[in-house]
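Pulled from TrEMBL, these are the features on record:
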TRANSMEM  21-40  transmembrane segment
REGION    63-87  region 'Disordered'
DOMAIN    88-298  domain 'Heparan sulfate-N-deacetylase N-terminal'
DOMAIN    308-512  domain 'Heparan sulphate-N-deacetylase deacetylase'
DOMAIN    602-850  domain 'Sulfotransferase'
ACT_SITE  611  active site, for sulfotransferase activity
BINDING   709, 831, 832, 833, 834, 835  3'-phosphoadenylyl sulfate binding site
């Protein structure tokens, strides 16, 4: 009213109460119109967003729940005596209650995530072997249920305790939840007492405990601890020292803090064995840290994880996004300010921005101003190329088109001062990185000189603990982790589960554990996460603060190239990829080229071994009207030799080109034959990853005759070793004194004949019903019956009548294909080659050499329920026994 009065007076008109009331009524109607019409418009939504943006959720203080100074030292793994550290393997034995235990599974998953070696066994009447010669197999023994240890029979208990004392091995045990509340229950055989079925709150760590390494003491974690089935410890001996405490939720009569030991260390002064005992499982995040610390302490450092954590945060989709979710000028300034604060927690930290230039200045004027502000601060960030139009690379099947799109983004970068030399890139939606789209790798290297990328999809998105890296075409692919933010998570009140759920992830939950468990962390976030409520800034700053408070981890940040070098130095075994089947994962199918199909991958493999009749079988199978072989290779003829050699690194696209789709093969059973697969160590794993349901066919003959035939084959093809050494010299060569070339030649000659050894390896990855074993002698003398049995194995109906399509050729000495004109078409030159018989001395040596392997083969065949044992196997064994 005062304002209206002043305005009227300034206009030279007298003030009137009636006019004031009328004015207020007009204002009221305008307000109704404003709220019912104007605020429903997109423009009003943006204005409302501007008002919301001024209120950004802020992280808690440096140490949520308690105040503490930053960690100043990082305790190394407990070393102990040098003798005990070298007398055991860096591996633990995990003894669980059942084959599918809940806590046992959580323990195993934690071990896998931290890449700690273990063996899981169901606790039974007897212990597994604990030693190998004079060395202990395990450096820590873990009991999912510690009562299993306490109630062991006398003989096994004495055996385990003796092993622990002699090899300096510690025991880690968990007490399972009790059914009812009990006070002061004595632990069988020890001066230790349990109080069960408690609800606790307010955890605290013992800063003097030698167990602590990753976990850091210094304050109280305030709040209820998960569950109402806690057990706590009291002791009557100086050997015991609490590692962690909680307090009774009632807080005592006066509400004071009453410490109750939830994790207890046994120094070994009572019976000579060190232990760490947990009164609860891994539901509480702090116990997960203490579990890792306990393994490190009890193993004297053998089972330790690094204390350094590398962190890289990618911000994808710079300049991309619909109006209303893009960054404004204020967002960019806050991004820079938060980055400066994070750098105090993570030295060297810079956000890594990935841009798509096509969408520059595609928002409102405030959002365009935000785009300009980003470019004004180019030097504040690291940069990497995204895609010009944000299109998924796997949708491009033309190299020229894909190259043109990438060149547009590069031209945009050069025009706006964005660095183009990071040698790092991320594809939209992980497209083309894995499953591999070869064009993407080709054009990445050509236009941007890419050397590093990252993805969540290798080998699969879930479970995250199994994500790994690989190298393809010289480009290092790092595993990317998930931070819990996606393009739609931009407002805290709309976050799935609300702020409480987000904070749980940060404060000991999934995001916190992700950083704790992974030495190298590459996170993906989106531009939209940094506008609106700026959830990403809150999330990363908070989790780094929480890690600083509760752990001794050293957070650092490096560029992608340095991270990739560190990663593959840490895990060199991951350099070689393992190609999976894209058709078995719906996520992979969505980012795989529509021109590709798994339907034409082989349904069965003839895996060898060499010189047993695999080429003859390949020829006979190729005659079958319902079976189709792969297209021959220019280098290896009918064999592709994909899974066991350099061809594997050419990728899945290269392999699939040998199985084209056309009308003549669409309804056929496709197969591949490569005889070198049989005895390779790595091939079964690779085959299972790509073809998990494939049928396997192997042919076996006398291993002695196979070795001699292989030697003669090598001689016919001019192998220099056959010119230097006789067959007898090769097979009897002393491996410790002969040249490496001769050792390798001898192994290639003799190792494939260790049939049982290699078949067992295949059965580690495939069910025995997937394996069909053919007697090579029967294939040579009676191929029709052998092929009929094989058709039954493949369940082909009606069966193909081979008796009218193959016949014995007396001149060649084996069966050949019958031509329409009546003649025979036999295998080419060199097949059925005649050479001198093996000398008796070599024959005797080989039969004795293969005797243990042949004996194992008989046992294996009986285990696989083969009704007949090949005659050649009976002959070899009878000769050896005489």
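A Cβ is built for glycine as well, from the same backbone N, Cα and C atoms used for every other residue.
For the domain 'Heparan sulphate-N-deacetylase deacetylase' (308-512), the predicted model reports an average pLDDT of 96.
Listed in sequence order, 675, 706, 709, 710, 713 are the same-chain residues six or more apart from the residue listed as 'active site, for sulfotransferase activity' with CB atoms under 8 A from its CB.
Of all Cβ atoms in the shown protein chains, 18 besides its own fall within 10 Å of the Cβ of residue 709 (3'-phosphoadenylyl sulfate binding site). Each of the binding-site residues 834, 835 was scored by other CB atoms within 10 A of its CB, and the lowest score goes to 834.
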